[in-house]
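To keep things clear, I will list the structure first and then write my remarks on it.
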Amino acid sequence: MGGVVVDEGPGGVKAPDGGWGWAVLSGCFVITGFSYAFPKAVSVFFKELIREFEVGYSDTAWISSILLAMLYGTGPLCSVLVNRYGCRPVMMVGGLFASLGMILSSFSTSIIHIYLSTGVITGLGLALNFQPSLIMLNRYFSEKRPLANGLAAAGSPVALCCLSPLGQLLQYQYGWRGGFLILGGLLLNCCACAALMRPLVAPPKSTQLELEDVEKEGKELEVEKTPSKRKPLLDFSVFKDRGFLIYTIAASIMVLGLFVPPVFVVSYAKELGNEDTKSALLLTILGFIDIFARPTCGIIAGLKWVRPRVVYLFSFAMIFNGCTDLVGSQAKDYPSLVVFCVFFGISYGMVGALQFEVLMAIVGTEKFSSAIGLVLLMEAIAVLVGPPGAGRLLDATKNYMYVFLLAGIEVVLAAVVLATCNFLFIRKKPSEPAAELENGTVSAEMELLNKPVAAEEEEEEEVEKGEKEVKEMKEEKEKEEVKEMKEKEKEEVKEMKEKEEVKEMKEKEEKEKEEVKEMEEAVEKAKEDEEDSEKKKVEEKEEEIRPESVMGVSEEVERFLKEPEEQNGAVLSSSETRL
């Protein structure tokens, strides 16, 4: 199951599984370290606080409980803020709150002030960093998600190895007030980690269309076109999932005893007469073992055969942890406590690496931001009861054995509930109208979870067959697309040739027209030249004939003119004669 989603955007964005995801992983590593190690590291100041404010073990245990309760109980608030504003702004504000709480607690004058500053304000700040960092991590990783969760979870033991000796050193050098002030400054690094949480950018539309085509061709996802609805800030539909309900109940029982041994192991060692520095070293040993246990368990959980059965691996880790508590309750000296811390570190690391990987496998990435908030809220009640209840039991019995026995029984009970209920009630998950497609393969993890061993191999074969069919259909579609593209290219080339031929023909026609025009002009010019020559010839002939004819005509004219004059003269002479 899985995939990734972007802030305030639609799901279906492919997880990079690397790239900037490694920077996100480093930030998540630091945030996880502060979130889980701080409640345990603060326990090194408990004896000083008991002496300062004259309170009991149960009173000081409330500090760690309130820290963890805020870390868990504000889960729905974190989900709403992340869905509304995105991960990075929420984490920035959380870093400021975490630092402010520790700084204010250094000026406390009563244990109540520490409850409010260290417990409430710092706890809220760590919560606003912890949950968004996990959401971002699961958005950036899909195939490598178990390994990424294991590496990020390793931040808790690394921070524990560093913060416990550092807290002891600060207590000796500056007292508990100076130590709280310096730790408050150290928590400002959460803001730097928040800056690394860059939101994923949705891919181009063409990529999304290709993914949708693959889903439709594989018949694994049928999308109904409905009007777009705004995504709810907190999705309560996860409670309809039986797997989610079983996980929530089991996790709540587990948290009752899971955090008790790390809180009390230092005081237990001091009670046996060991020095403060030597006692604080137990947490360092526990953390050192935990560093290697978490990534190793993440690698194992990512194996092909193990990943569909990760629920049972998680149950085994809880049984291992609970049995370690039961055996560790019989420790009577420092070497036995060292052995207990080694085995507790292994089992605790397995639980830490798997708890959110199992939740992701149950609900999927789309609902993870809401599911984790609701799960943490349910666990917050158990966190508030667990360590204080163990502290009150210690005040009543004055014996650490009962504290560790109770913690072991609670964790083992949680493992039994998870494994049994999954085997009995989730043999086959009800069919859902939509399934997620992750990186081109159908996500069949939940159908494979909790199957009888005889049927698991058949289910695996069916899943592989389905994946093979989807792959073949995808290849066929790609071939068809390539074929269509080639045909389209041929048609385009053919059209281009036809256009060129038409163009050439037009150019040829225009050229012929120009030639005809030139010929007509030449003919007209020749005609004009011929006419001119003929005219010249006629004129020349006329000029040759004109002198003789003109002379003849002029003589006739003179003669004609003279005749009237002669007649007039004769008339005049006759008239004169008559007179």
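For all residues, glycine too, the Cβ spot is worked out from N, Cα and C.
Values in this document were obtained by computation on a predicted structure and should not be read as measured data.
Taken from TrEMBL, the feature compositional bias 'Acidic residues' applies to 455-464. If you look up TrEMBL, you'll see 465-547, 556-565 marked as compositional bias 'Basic and acidic residues'. Summarising the annotation, TrEMBL assigns compositional bias 'Polar residues' to 570-579. What TrEMBL records for 21-432 is domain 'Major facilitator superfamily (MFS) profile'. What TrEMBL records for 452-579 is region 'Disordered'. What TrEMBL records for 20-39, 60-82, 102-126, 147-166, 178-197, 244-269, 281-303, 310-328, 334-356, 368-388, 400-425 is transmembrane segment.
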Which of 20-39, 244-269, 310-328 has the most Cβ pairs closer than 8 Å to the transmembrane segment (102-126)? 20-39
Give residue numbers and ranges for long-range contacts of the transmembrane segment (310-328): same chain, 6 or more residues beyond its ends, CB-CB under 8 A. 146, 254, 257-258, 260-261, 297, 300-301, 336-337, 340, 343-344, 346-348, 350-351, 354-355, 357-358, 361-362, 404-405, 407-416, 418-419, 422, 449-450
Interface-richest range of 147-166, 178-197, 368-388 toward the transmembrane segment (334-356), CB pairs under 8 Å: 147-166
Among 20-39, 60-82, 147-166, 178-197, 400-425, stretch most in contact with the transmembrane segment (244-269) (C-beta, under 8 angstroms): 400-425
Return the average pLDDT for the domain 'Major facilitator superfamily (MFS) profile' (21-432) as a whole number. 83
Give the nonlocal contacts of the transmembrane segment (147-166) in its own chain as ranges (CB under 8 Å, at least six residues past its ends). 21, 25, 28-38, 40-41, 44, 133-134, 137-138, 140-141, 183, 262, 266, 280-281, 283-284, 286-291, 293-299, 301-302, 345, 349, 352-354, 356-357, 360
Quick tally over 281-303, 368-388, 400-425 of CB pairs under 8 Å to the transmembrane segment (60-82) gives the top stretch as 368-388
